[in-house]
Amino acid sequence: MFLGTYTPKLDDKGRLTLPAKFRDALAGGLMVTKSQDHSLAVYPRSEFEQLARRASKAPRSNPEARAFLRNLAAGTDEQHPDSQGRITLSADHRRYAGLTKDCVVIGAVDYLEIWDAQAWHEYQQLHEENFSAASDEALGDIF
């Protein structure tokens, strides 16, 4: 399970060090993909494969399903962390997420999200007040 908030730095070569506590779960390979709110999602390879299989079952006659599958596949990059736990984020991914040197990696239960630190701060400011109401609406009877 991926939980917590971490603040790694992006180096000049576009490498980001993953939190040490997640490296074992990601050692078998991982997939970096564009996500909502101009963040990046990092999935263990096995988790991403399940997601892609489910997405590929959508009817190809549905334009939204085709667009989602195309964007998912085209916006995904397979990575293997180096011996120091670093991954290299593509220039396209860095540009999409607006990444600067200061980044935030958050656990999102079954995957990680990578944010530019300033964008994450702004997102939290915007959504923090609505957290309780949103959890009631979005999660219903789960809690």
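Yeah, the Cβs are placed from backbone N, Cα and C, and that goes for glycine too.
Features as listed in Swiss-Prot:
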DOMAIN    5-47  domain 'SpoVT-AbrB 1'
DOMAIN    76-119  domain 'SpoVT-AbrB 2'
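Note on the domain 'SpoVT-AbrB 1' (5-47): DSSP counts are 13 helix, 17 strand, 13 coil. Assigned with DSSP, the residues of the domain 'SpoVT-AbrB 2' (76-119) fall into helix, strand and coil as follows: 10 helix, 19 strand, 15 coil.
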